[in-house]
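**Student:** Swiss-Prot feature annotations, pasted as is:
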| type | residues | note |
| --- | --- | --- |
| COMPBIAS | 97-111 | compositional bias 'Polar residues' |
| COMPBIAS | 153-173 | compositional bias 'Low complexity' |
| DOMAIN | 3-78 | domain 'Lipoyl-binding' |
| DOMAIN | 113-150 | domain 'Peripheral subunit-binding (PSBD)' |
| MOD_RES | Lys44 | N6-lipoyllysine |
| MOD_RES | Lys148 | N6-acetyllysine |
Amino acid sequence: MSSVDILVPDLPESVADATVATWHKKPGDAVVRDEVLVEIETDKVVLEVPASADGILDAVLEDEGTTVTSRQILGRLREGNSAGKETSAKSEEKASTPAQRQQASLEEQNNDALSPAIRRLLAEHNLDASAIKGTGVGGRLTREDVEKHLAKAPAKESAPAAAAPAAQPALAARSEKRVPMTRLRKRVAERLLEAKNSTAMLTTFNEVNMKPIMDLRKQYGEAFEKRHGIRLGFMSFYVKAVVEALKRYPEVNASIDGDDVVYHNYFDVSMAVSTPRGLVTPVLRDVDTLGMADIEKKIKELAVKGRDGKLTVEDLTGGNFTITNGGVFGSLMSTPIINPPQSAILGMHAIKDRPMAVNGQVEILPMMYLALSYDHRLIDGRESVGFLVTIKELLEDPTRLLLDV
């Protein structure tokens, strides 16, 4: 049998090193070609390292938590046909009847097919994948399956607690758990602190009447979905309005590099997305060339990749301006933090019915607060306020987005 080195994938120039996150096999385990052996976590994404051939994991040279660099040897794989024999032997030990062997085989395949996000969710809650029924393709576990299982667990535990007399927990029962920060969380912490300490950040606010967009979605939403196969959401309107405002105020689409101001003549917009690993900002590129349907599809694609831990370094690199939507979590108002080296970030919030004065009359309208945080070293009040007013005007008259007026 020949021995094959298991190597760290080539890391982009912007990524200096990585951390061994999870070994899915231990020495002596049989593996098949393209089966995920180990996950490598960078500042931005989790990279899966698959087996290059059938065989047996011969050695693990870098343990979980170790910092590694590009092309470093992680372990060794011994090629051979014994993988099939060992897998068969394990299945025979687990199941004595054909039906049991078939079930064991299915469970083993489904567990191997778990996405990094699902594995991490199971590990965080100390759950056994085999104890949860999967509803995905081929019986695979989905995030919804795990969340439903978690939702049921407290209900079962709360019944006897309700019947028992209330008792104060003993002081000895108080505990703490200390866990190391993930590379992503550490990187997020570093960048947020960098933004606060290295920019002259200021936030300006405005509010927008969302009724015109809501009426437009109500009137054309069904036809839009039938035509394009995607729901007409709010984000495509936000992105379109941002691009038009960036064209009118190029300082907001610029960045500072040393003593120079770099003006970008392209429009790559970062979208703040919450994932099981933390907050990431994948990039929509050349959004000025995209239609509403294309924007909605791109946003959905990036959101799904983020949820499943499939975002690549390329997905997260670049971006000239960021949009964050705290409204999906119920946020009414916030002061978003700039995403360096960008110079501004737009915060969208929850849409709430509020009484507003319209032509001397009080009307109940669906209103949303807008927040623009910007680097005052580059962007002055005229540009920041004008930028935000432009977005307000475009959202309150969405036909202007389509007519480019």
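Placement of Cβ uses the backbone N, Cα and C atoms for every residue, glycine included.
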**Student:** Out of Lys44, Lys148, which of these modified residues shows the lowest number of other CB atoms within 10 Å of its CB?
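**Tutor:** Per-residue Cβ counts within 10 Å for the modified residues Lys44, Lys148 bottom out at Lys148.
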**Student:** Which three-state DSSP class does Lys44 (N6-lipoyllysine) fall into?
**Tutor:** coil
**Student:** What average pLDDT is reported by the model for the domain 'Peripheral subunit-binding (PSBD)' (113-150)?
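**Tutor:** A mean pLDDT of 72 is what the predicted model shows over the domain 'Peripheral subunit-binding (PSBD)' (113-150).
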**Student:** Can you give me the Cα-Cα distance between the residue listed as 'N6-lipoyllysine' and the residue listed as 'N6-acetyllysine' in Å, rounded to a whole number?
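**Tutor:** It is 29 Å, counting Cα to Cα.
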